[in-house]
Amino acid sequence: MSYYFSFFCYNSSVVFSCFSLLFIFIYEVINGFHDSANAIALIIYTRSMNEKMAILISGILNFLGVFFGGLSIAYAIIYLLPSNLLLNINTSCGLKAIFSILLSAILWNLCTWYLSLPTSSSHTLIGSIIGINFVNAFINNFSILSLISFNKIIYVFLSLILSPICGLIIAGSLVFLLKKYYNSKYKEYCINISPVYYRIQKKKQSLLWIKITLILSSFGISYFHGANDGQKGIGLIMLVLICIFPSKYLINLNTSTYDIINTRISIDSFEKYYLRNQTLIKQNVSNIMFKEIIQPLLFLKNIDNTKNDNVLVIINFMRNLLHNISSYKELNVIQCHQLRQSLLCIGNFMEVLSHFSIVQVKDKHFFYCLKKNLLSTIEYAPNWVVTFIALSLSIGTIIGWRRITNTFQNKLGTQDITYAQAISAQLTTACSVSLASCSGIPVSTTHIMSSSLVGTMLVNRSGLRINTIKKTIIIWILTIPISMLLASFLYWISLKCFN
């Protein structure tokens, strides 16, 4: 026993990293449990593809989606964390916050999966992050308004809430058009009958184009689900690595000399803009806002928290830090931490400026390009992290698909799903998730698919199983509040019990 205790004491980083990877692995596997049904339920139901083949291909496409999907959504979720916690993420508080987020998300997702109820991993994750925001504000005596970026949260909330509504309307409209068009002109096609009826009647019409459409849209859902949901896991694992191994992961040590030069050029460009518009900026940015942005950078000797010209001090500090640097490996851990904080603060300042009405559209685009160049140093993920998340999501897709698939196939409506309904729901989901992934917008694949199916049933007058719909809506409504409470409770307990 003493051996294990001493091993834990001297190798705590290794132990924590193993636990963190295990938690994230479980989270992504459960995510695969839930969302695999979105892609394969209808192609299995319509017998467009063999069950085992559909599951295998869905898992592979989820993997590829994570690997080639980029990182915009990963960091959109990360930046919902409190700014003071994000800037000092490599602390024990940061690690406790991440564990609380993961554990609350795992518990809720596992419960809903066991009950065969489709819920959103994105909603769970965002609810958990908001819970951390509230506890962080309370224990530090901060105003919650100063810690939460409401513009970002409203933006994410709107995408999560409006996407199912759009799915319902678009899928319903598609069914209406297919029903009207094919019933009047092409009655010989069997698009408006169910696969069950097709088999009973022993119809001989070709289903080739229907099956091809269903298979391709299913592949699209699988790929873009990986691109959208997989990124959230990548963001979480990067936060864990920064907490446990700051010397290796605070910034991208493998950044090329070319990219470092681009960062220096971006800093110089922002300084020129700031000097040209310094008076106008000071008139519109309040002292309180300046203090909130500069507060984490009090390690700089020339910072005066009572003045409004500290932005130039930060710019000069970053310029001096990057002077004659050809590789970030030349910086020590403290310098890496200071560079990360400085880049985040300048990025936040650009975000603040871009929301002012006085800023022209061309200047907003200028800020967007500058911010992208500056944050490329810290918005990254090693290939092994992406591979780990991709494998986790794929494994979840392959082993846990049956429960939620059964809900989609049999429990939403009182009548069998027609080919037209299946095509409409899958095309709507595939297009919505692909558009969101390419735009860097986090959405819930589960919610879009569920609402699309409900929309087709309403238009087709298939009849809905009210109990299942009621349970699903209740789960949707409760997901964010419950995950908030769970994460808040776990974070509070961890802060009080494990100092």
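Backbone N, Cα and C define each Cβ position, glycine as well.
Annotation source Swiss-Prot lists transmembrane segment at 4-26, 56-78, 98-117, 124-146, 156-178, 207-224, 234-253, 342-359, 379-401, 473-495.
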Among the ranges 56-78, 98-117, 156-178, 234-253, 473-495, the one whose Cβ pairs under 8 Å to the transmembrane segment (207-224) are most numerous: 56-78
Criterion met for the transmembrane segment (56-78) and the transmembrane segment (473-495) (at least three Cβ pairs under 8 Å): no
Within-chain partners of the transmembrane segment (473-495) [C-beta distance under 8 Å, separation at least 6 from its ends]: 93, 96-97, 99-101, 103-105, 107-108, 112, 117-120, 123-132, 134-136, 139, 447
Same-chain residue ranges lying at least 6 outside the transmembrane segment (98-117) that approach it to Cβ under 8 Å: 19-20, 23-24, 26-27, 30-31, 33-34, 124-125, 128-129, 131-132, 236, 239-240, 243, 400, 403-404, 406-407, 411, 471-472, 475, 479, 482-483, 486-487, 490-491, 494
Contacting positions for the transmembrane segment (156-178) when only residues 6+ beyond its ends and CB under 8 Å are counted: 76-77, 80, 120, 122-123, 126, 191-192, 420-421, 423-425, 427-429, 432, 436, 441-444, 447-456, 458-460
